[in-house]
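A.B. asks: Dumping the structure here so I can ask a few things about it.
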Amino acid sequence: MSQAEFDKAAEEVKHLKTKPADEEMLFIYSHYKQATVGDINTERPGMLDFKGKAKWDAWNELKGTSKEDAMKAYIDKVEELKKKYGI
């Protein structure tokens with residue numbers, strides 16, 4: 001697992017033939033943020049921002065996960081999605 005593999009996966013996920021399910025997208029989003037930013041560093045969105053709260057909660061669940069572990073999980077998930085949805 002390398003930065004180049006991670007960058008390639010981040011590009012490939014944009015070209016899937018079908019949009020992944022919301023839960024799959026939350027996994028991709030949260031692991032990307034953990035790998036690139038680290039632990040969450042923002043306040044939880046307001047009560048009516050349902051999408052923002054879901055994304056924040058997914059990222060917050062990864063607090064303490066290393067950059068390397070987040071990158072590996074992200075790459076593995078993108079590979080799974082490529083097989084499921086095509087590219």
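Numbering starts at 1 and runs along the chain as it is shown here.
Each Cβ is built from the backbone N, Cα and C atoms, and glycine gets one as well.
Below are the features listed in Swiss-Prot for this protein:
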type	residues	note
MOD_RES	Ser2	N-acetylserine
DOMAIN	2-87	domain 'ACB'
MOD_RES	Lys8	N6-acetyllysine
MOD_RES	Lys8	N6-succinyllysine
BINDING	Lys14, Tyr29, Ser30, His31, Tyr32, Lys33, Lys51, Lys55, Tyr74	acyl-CoA binding site
MOD_RES	Lys19	N6-acetyllysine
MOD_RES	Tyr29	phosphotyrosine
MOD_RES	Lys51	N6-acetyllysine
MOD_RES	Lys55	N6-acetyllysine
MOD_RES	Lys55	N6-(2-hydroxyisobutyryl)lysine
MOD_RES	Lys55	N6-succinyllysine
MOD_RES	Lys55	N6-malonyllysine
MOD_RES	Lys77	N6-succinyllysine
MOD_RES	Lys77	N6-acetyllysine
A.B. asks: Across the domain 'ACB' (2-87), what is the average pLDDT of the model, as a whole number?
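C.D. replies: Within the domain 'ACB' (2-87), the model's average pLDDT equals 97.
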A.B. asks: To the nearest Å, how far is the Cα of Lys8 (N6-acetyllysine) from the Cα of Tyr32 (acyl-CoA binding site)?
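C.D. replies: About 12 Å separates the two Cα atoms.
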A.B. asks: With an 8 Å cut-off on Cβ-Cβ distance and a minimum sequence separation of at least 6, pull the same-chain contacts of Tyr74 (acyl-CoA binding site), or say none.
C.D. replies: Phe6, Ala9, Ala10, Ile28, His31, Tyr32, Ala35
A.B. asks: Can you tell me how many other Cβ atoms are located within 10 Å of the Cβ belonging to Ser30 (acyl-CoA binding site)?
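C.D. replies: Excluding its own Cβ, Ser30 (acyl-CoA binding site) sees 24 Cβ atoms within 10 Å.
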A.B. asks: Taking only the Cα atoms, work out how far Ser2 (N-acetylserine) lies from Lys51 (acyl-CoA binding site), in Å, as a whole number.
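C.D. replies: About 30 Å separates the two Cα atoms.
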A.B. asks: Which recorded positions (Lys14, Lys19, Tyr29, Ser30, Lys77) fall within 10 Å of Lys55 (N6-acetyllysine) by Cα distance?
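C.D. replies: Close recorded positions: Tyr29, Ser30.
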A.B. asks: Report the member of Tyr29, Tyr32 (the recorded positions) whose C-beta atom has the most other C-beta atoms within 10 angstroms.
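C.D. replies: For the recorded positions Tyr29, Tyr32, the Cβ with the most other Cβ atoms within 10 Å is Tyr32.
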A.B. asks: Using a 10 Å radius around its CB, how many other CB atoms surround Lys77 (N6-succinyllysine)?
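C.D. replies: Total other Cβ atoms inside 10 Å, all chains included: 18.
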